[in-house]
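One structure is given here, and the rest of the page talks about it.
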Ligand code: SF4
């Protein structure tokens with residue numbers, strides 16, 4: 001998995017609440033058996049018209065946000081389906097960090113498996129970051145995972161919380177499965193015990 | 001011993017390893033797999049030379065992409081859908097997991113097949129690369145939706161990396177009024193708590209109105225726990241649960257059944273257990289409801305009118321504006337005057353036998369409105385067979401409904417069953433998101449009985465007027 005340490009980049013503002021995974025990547029793009037190549041269809045139904053032309057008003061189609069690496073959004077980002085195609089599409093587009101007041105559980109977890117940092121901050125902080133993002137390409141935000149801070153282009157800084165294990169895995173780019181397999185003896189022991197206690201499982 | 005909730009009890013029985021920081025490896029008893037969220041996971045196993053750790057606990061069934069038309073034996077037309085289903089055929093065979101292919105009468109929506117075959121049992125941990133895995137919580141099983149990386153993790157290690165969530169109790173007291181169903185309960189709860197209200201929690205539904213529900217109804221309630229943001233929904237098992245499980249193909253038998261029952265009967269929340277959040281709703285206050293917007297929290301009694309964005313505050317003002325624009329609705333319009341083009345009865349929320357019975361009871365001897373498109377998609381081949389045996393299929397067909405084969409169908413429109421732009425649908429499924437049932441399609445969520453009533457009149461209708 002790609003490591004995440006610090007990131008300084010353009011942030012795209014998306015002041016919508018309840019951005020669901022159907023919006024992030026509509027179902028017609030779930031038919032792939034690969035993880036790559038979904039960035040072009042990120043936010044497809046908001047980004048393109050019926051003929052496949054870009055809708056100029058959509059934030060990621062605006063020249064100043066085409067290379068955005070951070071997304072600032074409203075409450076309950078990533079709600080709905082468990083599709084990991086959502087973080088795959090976000091990552092493939094080039095976004096490595098999403099900031100919102102809250103995230104849906106499964107989406108939040110899925111981000112970490114793909115080297116994306118989701119940051120939950122109080123609404124007031126997100127409002128400040130949203131304003132900063134609205135300034136366009138010259139306003140570059142800095143996310144420092146080690147220090148757990150987000151800093152606006154004006155130098156205003158917000159501290160964020162993150163699970164220490166998730167932080168560690170992201171900074172080191174660790175593979176969860178490899179880590180868990182190191183605990184195989186604990187799983188073996190659990191399995192033997194469970195086979196005695198609940199043999200019907 | 002300190003008092004525990006049901007969630008605490010199941011959690012404690014499944015922790016295989018706990019790190020100092022509280023990160024746990026939760027052992028998984030049942031892993032359900034479907035074709036959309038698994039190909040990359042199996043591919044990952046192949047690339048790393050890993051195997052499926054517990055193939056006997058892994059069950060796969062294709063459902064999202066499969067055609068539901070009667071001629072589906074001729075194969076899947078869409079080449080990408082075909083590749084996904086064929087990939088599952090191959091992965092199931094290569095890795096030796098239980099499989100119900102499209103040609104098997106037991107095939108259906110994964111969350112309907114699991115309980116039907118007795119794979120889902122009380123006290124288990126159940127996961128699936130699908131958010132509506134919450135459905136299985138109806139059995140008192142801790143059931144999570146997971147992403148594809150986690151699917152791969154569970155395939156390889158039979159565990160999931162988790163931190164414990166918080167406990168939330170949702171109590172529905174007293175009796176429901178006539179015409180009010182499990183779907184109305186679950187939508188009303190979301191209407192009250194919001195789609196993010198359950199974030200970080202596992203919800204246990206309890207109270208007399210929940211106890212009174214059948215297993216089918218309980219599955220409907222838990223199915224939509226995820227729409228309220230919760231990690232999982234749970235209902236404590238009782239005699240109804242045991243009765244449902246007994247004799248299912250993969251349920252324990254004989255002495256094992258007795259041993260299982262002894263444990264299952266301990267699966268309830270202790271009286272003085274701690275709850276981080278409690279929501280109480282009176283059963284008698286719940287009305288038949290429909291959604292008006294593009295989030296499941298946009299729900300109101302059928303007797304209400306389309307709200308005005310200015311009725312809301314914060315980010316919801318803009319969200320409501322956007323929803324109404326997308327849905328083509330004007331504030332103040334009575335919900336019961338909204339005309340529909342299509343009716344969809346099915347999905348893992350409402351595709352079980354009881355749902356079909358409820359819809360058929362309203363439709364019996366009636367015809368659907370001229371020009372309306374209406375379809376019933378049973379949740380599994382066995383539900384379909386049972387409905388045919390009970391004469392429900394004939395009622396649907398005589399009323400003018402299409403009688404389909406099992407699958408997810410128009411719940412998410414990955415197969416050819418889709419809405420066209422602007423087409424308005426009364427649907428028994430679980431999501432009314434923009435584009436969910438087809439680009440530009442407009443979805444109103446409701447119960448099967450309400451869907452049947454709408455099919456007859458051609459507009460959203462209070463089913464109580466037909467009872
Ligand atoms: S019926 Fe709908 S919600 Fe249920 S599993 Fe299928 S697509 Fe998902």
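Glycine too: its Cβ is placed from the backbone N, Cα and C atoms.
Noted in TrEMBL for the protein shown:
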- B:348, B:408, B:411: [4Fe-4S] cluster binding site (BINDING)
Check each residue in the chain of residue B:408 ([4Fe-4S] cluster binding site) that is at least six apart in sequence and keep those whose C-beta is under 8 Å from its C-beta; list them in sequence order. B:63, B:64, B:66, B:109, B:347, B:348, B:414, B:415
Cβ distance under 8 Å to residue B:411 ([4Fe-4S] cluster binding site), same chain, sequence separation 6 or more: which residues? B:344, B:346, B:347, B:348, B:349, B:427, B:429, B:430, B:431, B:437
Mapped DSSP class for residue B:408 ([4Fe-4S] cluster binding site), helix or strand or coil: coil
Cβ-centroid neighbours of [4Fe-4S] cluster site B:348, B:408, B:411, 8 Å, sequence order: B:63, B:64, B:109, B:111, B:132, B:346, B:347, B:349, B:351, B:379, B:407, B:409, B:412, B:429, B:430
